[in-house]
């Protein structure tokens with residue numbers, strides 16, 4: 001049992017979880033966001049999005065100043081009050097976006113893999129793919145430590161591509177809509193553990209953690225949470241955890257922000 005009155009951190013994915021996959025609406029989650037903010041519970045956004053995108057969304061959601069996890073864990077944006085931490089304001093894990101782009105261009109030219117990265121197109125095209133405005137779409141191209149792409153080849157070639165990336169110290173990760181390439185050492189789980197340890201160091205007590213996500217790339221995050229909400233999503237593979245004890249894991253019946261609200265209701269309303 002736990003409550004929002006005890007030291008608590010909430011880690012949340014964005015698209016398909018806190019945000020509607022199509023409209024990007026988050027209003028069904030608004031009452032819980034307000035309640036958590038009033039209880040001084042940090043809601044830490046965790047996504048494949050760039051830090052530039054997430055800082056914009058963080059402000060929109062009333063979560064500005066809190067830490068966040070961008071680019072599937074390859075980037076940690078530090079909390080405003082953590083200015084004494086080395087690397088402030090952001091910590092980058094592994095190799096840079098530019099280096100990954102060079103690797104991908106070489107693989108495409110020499111081994112003829114078929115894919116389109118966000119670097120290959122303009123913001124108007126990304127806006128068409130995502131439904132974002134052009135100004136918001138431009139923020140999706142500001143990667144620091146990963147590359148986002150659309151795969152346009154066979155499953156067999158994907159397996160070969162994944163193996164080649166692994167040989168080069170990279171990983172190929174599936175998101176709700178797109179695929180992401182980042183350093184093999186990076187991950188939402190490592191980033192979350194770092195943030196948890198930082199809060200513990202600052203407060204002297206390890207906070208209880210609750211994570212919410214809807215896609216395969218959220219599984220590593222949810223695995224390291226004390227409690228997890230698997231929001232019903234669009235991805236056909238879904239989310240599968242090693243420990244799905246009903247006492248710690250809740251699968252929602254609703255999608256997006258309504259599922260997010262359902263998950264919070266499940267763990268807190270009756271407590």
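Each Cβ is built from the backbone N, Cα and C atoms, and glycine gets one as well.
Residues annotated as Mg(2+) binding site in Swiss-Prot, with sequence analysis given as evidence: 13, 15, 214. According to its DSSP assignment, residue 15 (Mg(2+) binding site) is in a strand. Note on residue 15 (Mg(2+) binding site): other Cβ atoms within 10 Å of its Cβ, all shown chains, come to 23.
What Swiss-Prot records for 13 is active site, nucleophile, and it gives sequence analysis as the kind of evidence. Around the Cβ of residue 13 (Mg(2+) binding site), the same chain contributes 46, 47, 212, 213, 214, 215, 218, 221, 231, each under 8 angstroms and 6 or more positions distant in sequence.
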For this session: For the recorded Mg(2+) site, enumerate neighbouring residues of the same chain (Cβ within 8 Å of the Cβ centroid of 13, 15, 214, site residues themselves excluded), in sequence order.
Result: 14, 16, 17, 18, 19, 21, 47, 176, 213, 215, 218, 231, 233
